[in-house]
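Database features (TrEMBL):
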| type | residues | note |
| --- | --- | --- |
| DOMAIN | 48-223 | domain 'BPL/LPL catalytic' |
| BINDING | ARG87, GLY88, GLY89, GLN90, VAL91, THR92, TYR93, HIS94, SER154, LEU155, GLY156, GLY167, LEU168, ALA169 | substrate binding site |
| SITE | LYS151 | site 'Lowers pKa of active site Cys' |
| ACT_SITE | CYS185 | active site, acyl-thioester intermediate |
Amino acid sequence: MRSVSEQAGQQVTTKPTLAEQLVIRELGVQDYTTVWQAMQQFTDQRNSNTTDELWLLEHQPVFTQGQAGKEEHLLFPGDIPVVKVDRGGQVTYHGPGQLMVYVLLDLKRRNMGVRQLVTLLEQVLIQLLSAYGINAYAKLDAPGVYVDGGKIASLGLRVRKGCTFHGLALNVNMDLSPFSRINPCGYAGLQMIQSKDLGGPQSIAEAKQRIVQCFQQQLNVATLQHTTGLDWQND
């Protein structure tokens, strides 16, 4: 979408700025390490002309241990692999039925700091759930989004060269039992909940559609470009 203005009696069409553009990359179900390495590569290779992207996907079952992670919060991982990663935060679980949104943004371009981005991610989730009549909220001392004391979404970011990667995980319609093998986000006994059980999005497809709309509004994006696959260099 291009904006149109009137100048000297003529219509002038202007191309959206990079801050007004966003690539939506849908990746299906992916191995964690493959996507983690791709995020790092994308961030290392991007420059001032690279369009910001959101990567939407689900992961095969995996526990990820953030930089602040402590081994005692891994209670009994069993047959689910554990990957130590470069995002902030403690241990969490990813698996099918959980919507991952990886946020690959140039913070300077958007005049944002990391704290502002964390708040924006929380507001995206709160806005999404509010559309279903769900009263979700954030906590100052524990990033993420909660409903009645249960945690429905987790956040974790990394910044490199002023650009972000990693992002958020929204529990939609998944097997929550693996969370019992850890202290989620470092909190013993923290209840993990999901949108399906609260009258929110019932499927990943529904959650994806809604969350893209919320990101578009929160980031003031005019133009979305939808694509698939990890070969961004040939898009």
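Cβ atoms here come from the backbone N, Cα and C positions, even for glycine.
No curator has checked TrEMBL annotations; they are predicted automatically.
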Long-range Cβ environment of TYR93 (substrate binding site), under 8 Å and at least 6 residues apart: PRO61, VAL62, PHE63, THR64, ILE80, PRO178, PHE179, ARG181, ILE182, PRO184
These are the recorded positions: VAL91, LEU168, CYS185. Which one scores highest on other Cβ atoms within 10 Å? VAL91
Between any two of ARG87, GLY88, GLY89, GLN90, VAL91, THR92, TYR93, HIS94, SER154, LEU155, GLY156, GLY167, LEU168, ALA169, the residues recorded as binding substrate, what is the biggest Cα to Cα distance in Å? 16
How long is the line from the C-alpha of LEU168 (substrate binding site) to the C-alpha of LYS151 (site 'Lowers pKa of active site Cys'), rounded to the nearest angstrom? 12
State the Cα to Cα distance, in Å, between VAL91 (substrate binding site) and CYS185 (active site, acyl-thioester intermediate), rounded to an integer. 5
